[in-house]
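Taken verbatim from TrEMBL:
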type    : residues           : note
BINDING : 151, 154, 204, 207 : Zn(2+) 1 binding site
DOMAIN  : 5-70               : domain 'J'
DOMAIN  : 138-216            : domain 'CR-type'
REPEAT  : 151-158            : repeat 'CXXCXGXG motif'
REPEAT  : 168-175            : repeat 'CXXCXGXG motif'
REPEAT  : 190-197            : repeat 'CXXCXGXG motif'
REPEAT  : 204-211            : repeat 'CXXCXGXG motif'
Ligand SMILES: [Zn+2]
Ligand SMILES: [Zn+2]
């Protein structure tokens, strides 16, 4: 059965936007509604077709699939994706933040997926490493991926130049065979020619009878700002070419973000551990940190700052993917104890120590007092 084109059914052009679709559907649905046309089978059929067409076209993903593959996109087993979900069309880069687990959903090694000789091309995986700075700004990356093109030597027939494929004797060229099963007659792909309808006795040596050869091609990939380590980006239809007119597989970009020398990342927030001198911690002071946006931020350390103290620089973290929000940068204070003291320094510190009171070091003083109490009660 040949199905009418969804766009024609709704009487709109292929470029119709959501509003046009909706109003066209409304108008026609009113006209052919069964309530308005009681007993009119033709109107009922038309009404059903309208519904189906609108259901498909109002969903951007299904619409993209339909634009690409026509009705075959939604036939059972056709094309290699299911219309209910999982398939995301339309986007040049669909971001999937989920991780490997359910990877490829069976699409991997997609050659097994055969529909009457048309085979979906295999999915491809490309590993890409970017720096934290690149994740911060986002970038357009040029990558080279292997792709299949028609073999020039045999012009895609798969037969050795000078020879021709011959009509398959098993299926007489139809690519399908019928087999009786009980009351039913089942049609299936011809096992001899795998649905091609032709067999090649003398395969082309350049492509080993495949009719296509592998070449590299250049592709530009948009890496959005804020992307995280472990993200995968799907480029729909950019995988291996299908066989004999089958749809192409998808290309998956697996992103890893190189660890940074100064910044650790947690979601959109960044952490930076900053060592300051013991005297700065005691007397107070300031220091500058360079942030990923290339600017400098001044941090003021108050007198008596303790190790582990955190300062938040609001909005100085990573961009939140697909938003204008920014994470924060947390400065974590480390305090460096001075080493290799000179004689004079030692004298000064000893003098300082003699002048120290309990109030100067409430934590350590208190700690040892509490510990002493603890052992005293044990020995009682
Ligand atoms: Zn060839
Ligand atoms: Zn055959």
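The backbone N, Cα and C atoms fix where each Cβ goes, glycine too.
Automated prediction, rather than curation, is the source of TrEMBL annotations.
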Residues near residue 204 (Zn(2+) 1 binding site) by Cβ (under 8 Å) yet at least 6 apart in sequence within the same chain, in sequence order, are 151, 153, 154, 157, 158, 159, 160, 161, 211
Sorted by position, what residues of the same chain at least six away from residue 207 (Zn(2+) 1 binding site) have a C-beta under 8 A from it? 151, 153, 154, 158, 213
Test of understanding: applying the rule of at least three C-beta pairs under 8 Å (pairs 6 or more apart in sequence), is the repeat 'CXXCXGXG motif' (204-211) touching the repeat 'CXXCXGXG motif' (190-197)? no
Who are the chain neighbours of the repeat 'CXXCXGXG motif' (204-211) in space, where the CB to CB distance is under 8 Å and they lie at least 6 residues beyond its ends? 150-154, 156-161, 243-244
Taking 151, 154 as the binding-site residues to compare, which has the smallest set of other Cβ atoms within 10 Å? 151
Cβ-based neighbourhood (8 Å from the centroid) of the Zn(2+) 1 site, residues 151, 154, 204, 207 excluded: 152, 153, 155, 156, 157, 158, 159, 203, 205, 206, 208, 209, 210, 211, 212, 213
DSSP-derived helix, strand and coil totals, residue by residue, for the repeat 'CXXCXGXG motif' (190-197): 0 helix, 0 strand, 8 coil
